[in-house]
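Feature list (source: TrEMBL):
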type     : residues                                 : note
ACT_SITE : D109                                     : active site, nucleophile
BINDING  : D109, D187, G245, T247, R259, W263, S378 : substrate binding site
ACT_SITE : D187                                     : active site, proton donor
Amino acid sequence: MENKRYERTNRLAEAPEMTAREADEAFAVCVETVKRNMAYFGSTVPAAASVDGIYPKTANDDWTDGFWTGEMWLSYEETGDSAFKREALASVADFERRMKERVVVDHHDMGFLFSPSCVAAWRLLKREGAMEEEQHESVMNDAAIEQAKRTALAAADNLMGRFQEKGGFFQAWGTAGDPKEYRLIIDCLLNMPLLFWASEVTGNPIYREKAECHIRTAMAHVVRDDYSTYHTYYFDPETGAPVKGITQQGNRNGSIWARGQAWGIYGSALSYGYFHDPEYMRLFDGVTACFMENLPSDLIPYWDFDFNDGSPEPRDSSAAAIAACGLLEMARYVEQEKAGLLISMASKLMKALTDRCLLRDGAPGAGILLHGTYAKRSKENGVNQSGVDEFNLWGDYFYMEALMRMRKDWERYW
Ligand code: GLY
């Protein structure tokens, strides 16, 4: 364990942890919000980010829609209320339609879409069925399990079509093979568990092998020597040689985009969980320490670590929620002393998020976690600005997931 690196993360030293009661209360607030919004959104889906504090109603056609289903599954796990299950299953059916009709699926975000929706359904309903069998009840919903499985497998196959042998990675955006888009992005680490799952259910190792190849390529190039990270990395389409790292949503090519760093934390923890490769542990320790060292004193990350205490720039609360999930995931695999440290760091982040960003008793259409930033335009990134200091769906989802992880031994959707 890189104790020395963590010792330098003194931003967290004096911060209070979250109590079990606070975590229970916060989760209850989330469940109320999901319930209110299920009524508000009906068969529509919240947009990726809110506008003036309210999510617009949209169709299932963005990379973020699986998070909304995931929020419903988490609420169902907590309450056992069949209303959540009914809506989540309707959403799984809509994901099957989306996959069949190929609605905005020509990109790499199959894991973000299909893990918290369809893989979650598959895992939860199978577990429910096993328990019911023990109780000699026969209400297992085989049809729903099959639908979730074939939809998630179709998504995994779709993602496999984006693997680039030259370079050894999954191409993020654009037409597969397009030389102008021949790059990976750090976020894609979260798409890899869909492929681990696909190997598990089919018995075919190819999904897992390509995922592991991608992870190795990504880690070798997006993680800089000081464990800060690039958002995206280009390769030569002719030779597969690494070309350059640049940002898409960060402030500068050489800066640290807070959410990208958080994807690195959670992505390396999940990778370690599947492969138990010490190299992934080393990277996790490094990217985690770098994230912690760059937090402002109130622990709510600025959207890019070019900014810190005193800056008027907006925050990205979602980055802290993602990081907390990664810390809690890695805590499952390490010895007691290190697990205690990781859980304590996660708890401090969650306490800060709860005190500063959790919206209680919001209006219909409002989200859970205030102060997220989807994309902020800068001189270098040229990105379309949206969702600045707003709710975003992944912030809401990962905040709930982290609370769930703090409160029970949770079987991951990833
Ligand atoms: N995966 C896209 C984002 O984090 O904005």
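Note that the numbers count up from 1, one per residue, in the order the chain is shown.
Glycine too: its Cβ is placed from the backbone N, Cα and C atoms.
Automatic, uncurated: that is what TrEMBL annotation is.
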Message = As a check: which entries in D187, G245, T247, R259, S378, the binding-site residues, place their Cβ less than 6 Å from an atom of ligand 1?
response = D187, R259
Ask   = For D109 (active site, nucleophile), which of the binding-site residues G245, T247, R259 has the nearest Cα in space?
value = R259
Ask   = Using a 10 Å radius around each Cβ and counting other Cβ atoms from all shown chains, which of the recorded positions D109, D187 yields the largest count?
value = D187
Note = The answer, for which of the binding-site residues T247, S378 has its Cβ ringed by the most other Cβ atoms inside 10 Å, is T247
Greatest C-beta neighbour count within 10 angstroms, which of the binding-site residues G245, R259, W263 = R259
